[in-house]
Amino acid sequence: MASSHTDGNPADTAIVWFRDDLRVADNPALLAAAAHGNAVGLYVLDQESAGIRPLGGAARWWLHHALEDLRAGLAGLGIPLILARGPAALLVPEICDQVGASAVFWNRRYGAVERVVDTVAKQRLQRADVQVESFQASLLHEPWRLATGAGTPYRVFTPFWKAASSLEIRYPLPTPAPGCGAPGRIPAGDALDDLCLLPLGVDWAAGLREHWSPSEGAGLSLLGAFIQDVLPDYATARERPDLHGSSRLSPYLRWGQLSPFQVWHALAGSRAGHPHDASVFASQLGWREFCWHQLFHNPDLAVANLRPVFNAYPWKWPDASEPAAEGPDTRAHLAAWQQGMTGLPLVDAGQRELWHTGWMHNRVRMVSASFLVKNLGIHWRLGEQWFWDTLVDADAASNPANWQWVAGSGADASPFFRIFNPETQAKKFDPEGRYTGAWVPEAGNPHYPEPLVDLKESRALALDSYAGMKAATSSVAVSSPGRSPDSSPA
Ligand SMILES: Cc1cc2nc3c(=O)[nH]c(=O)nc-3n(C[C@H](O)[C@H](O)[C@H](O)COP(=O)(O)OP(=O)(O)OC[C@H]3O[C@@H](n4cnc5c(N)ncnc54)[C@H](O)[C@@H]3O)c2cc1C
């Protein structure tokens, strides 16, 4: 990267290192950089540090547009944005040196690998006498601040949320005043297109473009429209995929184009008019927090059962080592589920909605996930990976935590015997068939596939497997307690 220092006093220059906080409003790291002197924005696409989970395709698409929008938002304040690719713990100190900045500010992350990256970057910067400060910006409560009476992390949502929601929540912070950016030239960095975030070859993103506007302004408008038009009926309408009954704010929260503080306080203003709806909605923000607290305390949430007893559940996993008799079915079943061709209209509608728009309604996520892990008996990690690749809101905490919740292996999980029946769920939550009709218009005609499995038989099989797992682990527990690594393939 060519280096040329700012024309202003480099000693006053501060870098704000953006990560999952791609916004100019309510951004404490950005405010600190602006207060320090000449602010310079930096985003590093780090897919190389050891252990980093590469972003999925839909997430990359969102990120491209979010960075474009962030660059415009910062330009309005006079702040340049440098883009770079590579291991962040190396690049951030290097770029800081090239800019001649005396301070680097960022908002905290909570995944274990990301925390290691941040710690190493911090040590390197501090060794070079650079001031480093981090802030709380993407969670309402720091995970280490909440613990049960016994001092352990919460594993049950209700007491967690009772404790969390009784604490004070700060107000959103202002956007810095324009004119706080570094006045001179800065290292050119990579062009946005060099990050190669958009689809190469086949353009599969048309549906995403049609459905989303991945900008901070669009997130704020959606929040306003939600509070005004959707919140009054949220508690009941949120369950209906055929209605626009939920906020659809998840990708904006995922990418930090909206902060939970902004959402919380926007909600607070309307609590008096709709106290029940507002409190049900607030508790969904609570689930988001709960998932992140789980990830903080269980860094391998995406790969290991939180309840080790489930290591003995005979999940199917289609790989080369699988016996041929089982392999092709599992592979074919997984592909049919991914493509929305299971023969169960509600599941197929959800999977097609996901593929087309990068989002799926929460009720349908639960039904579709339950069908994969309980009726088809396929490991929840395969579903989690598919969602990771296809969701615009794919979130390192909420995705695995919810998959584990559905599978029964997670914190405060749905009881295993709660196996959603996609047909009765469709009757209840899509009573006129509008949602399934929109996504699966051919359901009921001869070209639509028969269900992959019989719902009753596969349910009974899952319950047998569960009983077998319990029996096996209770006898093993006597002789060998505490086995915890997940036995499924990596
Ligand atoms: C198998 C499965 C996988 C999921 N994967 C993700 C994911 O990768 N990213 C993600 O943001 N959500 C995930 N969810 C949770 C939930 O489905 C979405 O947050 C929700 O559908 C987003 O729509 P909304 O913004 O309209 O939600 P609303 O009902 O309007 O809720 C408001 C906000 O609360 C949060 N929220 C709501 N429900 C949950 C929940 N169960 N867990 C965590 N946060 C929640 C979201 O940030 C959401 O935007 C998953 C759920 C399931 C069952």
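Backbone N, Cα and C define each Cβ position, glycine as well.
Annotation source TrEMBL lists FAD binding site at Tyr234, Ser246, Ser247, Arg248, Leu249, Ser250, Phe281, Asp393, Ala394, Asp395. For Phe281 (FAD binding site), the count of additional Cβ atoms within 10 Å of its Cβ stands at 26 [all protein chains shown].
Under the heading domain 'Photolyase/cryptochrome alpha/beta', TrEMBL lists 12-140.
Feature annotation from TrEMBL assigns site 'Electron transfer via tryptophanyl radical' to Trp315 (among others). Its Cβ placed at the centre, Trp315 (site 'Electron transfer via tryptophanyl radical') has 21 other Cβ atoms within 10 Å.
The annotation site 'Electron transfer via tryptophanyl radical' is assigned in TrEMBL to Trp380 (among others). Annotation note: Trp380 (site 'Electron transfer via tryptophanyl radical') sits in a helical segment as assigned by DSSP.
TrEMBL lists Trp403 (among others) with the feature site 'Electron transfer via tryptophanyl radical'. Under the DSSP three-state reduction, Trp403 (site 'Electron transfer via tryptophanyl radical') is assigned to helix. The Cβ of Trp403 (site 'Electron transfer via tryptophanyl radical') has 26 neighbouring Cβ atoms from other residues within 10 Å, across all protein chains displayed.
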Per DSSP, Ala394 (FAD binding site) is which: helix, strand or coil?
-> coil
Tally of residues which DSSP labels helix, strand or coil - the domain 'Photolyase/cryptochrome alpha/beta' (12-140) | 58 helix, 29 strand, 42 coil
Could you find out if DSSP has Ser247 (FAD binding site) as helix, strand or coil?
-> coil
If you check the recorded positions Tyr234, Trp315, Trp380 one by one, which have a CB less than 6 Å away from any atom of ligand 1?
-> none
Among Trp315, Trp380, Trp403, these being the recorded sites, pick the one whose CA is nearest to that of Tyr234 (FAD binding site).
-> Trp403
